[in-house]
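Undergrad: Here it is: the structure, laid out below.
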Amino acid sequence: MRNFNSPKFGHSMGDDSDDDDFDSGTEPEFLVEPYVLEEFPITEEIEEIEGDDEEYNPNEEIGTSSSDDEDDSDDSDSDKEQENGGEDGEDSSTTNTVPKRVIDDYDEDMEEDEVIKAIITEIKKPRSKPPDIKTEDFVTDLCFHPDQDLLAVGTTTGDVIVYKFTNDECTIVNTHETHTKSVRDVEFNADGDLLISTARDRSIMVTDVETGKLKRFWDDAHEEPVYTMSMITEHTFATGDDGGVLKLWDLRQKDPVFKLKEVEDFISCIITNEQKKYLLMTSGDGYLTTINIPQRKMYVQSEPYEEELTCMGVFRRDSKLVVGSSKGNFYTFNWGQFGYHCDAFIGPKAGVNKMVPITERIAVTGGEDGILRAMHLVPGRVLGIVGQHSLAVETMDINSTGELIASSSHDNDIRFWNIKYFEEFDDIKYNSKPDKKAMTHNLPSSKQTNAADFFSGLAGDQSGAEGD
């Protein structure tokens, strides 16, 4: 940090009212010469008044400000320093700009250093997000409650931990020991009274949020470990496993509604829109597969991509589907035309693991490099950095108000990011040029600050002062 001193700081401490009565160009006749101090020391008088620095300062009575006496003053000060053993070294200045310590003349109304002001302002800002959560085990998935300030967290030990959060603290409300192996996915239903979880033990558990009791379970829901899950309606949800099998479930039925196997690799993401007609899934073998829910059969399957398709998001009032990949690429599909993409955007080089839509055009993505980025996806642009982890971002979710994002990585922590500032964000036009600086630009939610943003206020203050 550079040391920025206010121009008024020196004047407020160096003004001597006695010097204003004569012209600095002429030497005052009544100034005491240095040799007089040597012959007639006034130490006794100084000792009597020494206790009150504010009423009396020897330098104010005998100090010299004329440039003609600088050499004599230096000699006098060095002699005094030898006689007094260097105790008055602080008062041996050759000019009248620093007669006292800064703290002696400090005034709260005086203009402070602008850098210090900026730091104090940041410290005094009220918290706009909950504190980080440090967990004992790896976090595999998390999900916000649809109405309450609750966050469900799945861990590698098979537990589902429910946290209640505020801007001041995060407390554990309940711990559900539901699975014998690592949790893969956890979701609240639309009403928020049920908590559904899947795990590597191939089971699906439905837990009552209020009582913590098990409401329903499927022990051997899949032949392979369940990889992902998505709520469809109040009573239905879909699951996909490591072997490429998709199943649609109804909480009121014992057996799955239907089962399909259209891919050979793991199903990474499942999504639908408000109409609930098409169910889309991405897989590790590079396919986007669309299922017609009413007909319970495959609608269309895309051309294969030479990369894993990892995440999806619906934008532009359900008219666009954007798919992220393990190579950091984004493919845009017109809704209903899922055979091949209509647009492509090359994003960061790191693979994309998660995508959370926050507006009709903007999403927050989490990647292998541990960075959460804001992406304007229709058209494709990087807007900046929302937050960061030290390891790859594995899971993310957005709360019901759309103001808070929670994310986690393999460093055993959950971090929150306030993204309310996107409410006033302008849309990007198609003919606008991409900004390369946006790749490393920190947005207000980031834990890191842009140096240009920090000092921009200082530059503005200096230019304003020069204009005055």
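Glycine is no exception: its Cβ is also placed from the backbone N, Cα and C atoms.
Look at Swiss-Prot and you will find 1-107 tagged as region 'Disordered'. According to Swiss-Prot, the feature compositional bias 'Acidic residues' maps to 15-26, 41-58, 67-91. The repeat 'WD 1' annotation in Swiss-Prot covers 134-173. Summarising the annotation, Swiss-Prot assigns repeat 'WD 2' to 178-217. According to Swiss-Prot, the repeat 'WD 3' annotation covers 221-259. The feature repeat 'WD 4' is assigned by Swiss-Prot to 262-301. The repeat 'WD 5' feature in Swiss-Prot is assigned to 304-343. Positions annotated as repeat 'WD 6' by Swiss-Prot: 388-427.
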Undergrad: Take the repeat 'WD 5' (304-343) and find every residue of the same chain, 6 or more past its ends, with a Cβ under 8 Å from one of its Cβ atoms.
TA: 265, 268-269, 271, 273-275, 278, 280, 282-288, 290, 349-357, 360-361, 363, 365, 367, 375, 377-380
Undergrad: Quick one: DSSP breakdown of the repeat 'WD 1' (134-173) into helix, strand and coil?
TA: 0 helix, 24 strand, 16 coil
Undergrad: Going along the chain, which residues at least six beyond the ends of the repeat 'WD 4' (262-301) come within the CB cut-off of under 8 Å?
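TA: Hits for the repeat 'WD 4' (262-301): 227-230, 232-233, 238-246, 248, 307-314, 318, 321, 323, 333, 335-336, 338-339.
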Undergrad: As a test: from 134-173, 178-217, 221-259, pick the stretch that has the greatest number of Cβ pairs under 8 Å with the repeat 'WD 6' (388-427).
TA: 134-173
Undergrad: Using a Cβ cut-off under 8 Å, which residues of the same chain at least 6 positions beyond either end of the repeat 'WD 1' (134-173) come close to it?
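TA: Sequence-distant neighbours of the repeat 'WD 1' (134-173): 126-128, 179-188, 190-192, 195, 197, 199, 201, 207, 209, 394-400, 404, 406, 408, 410, 412-414, 416.
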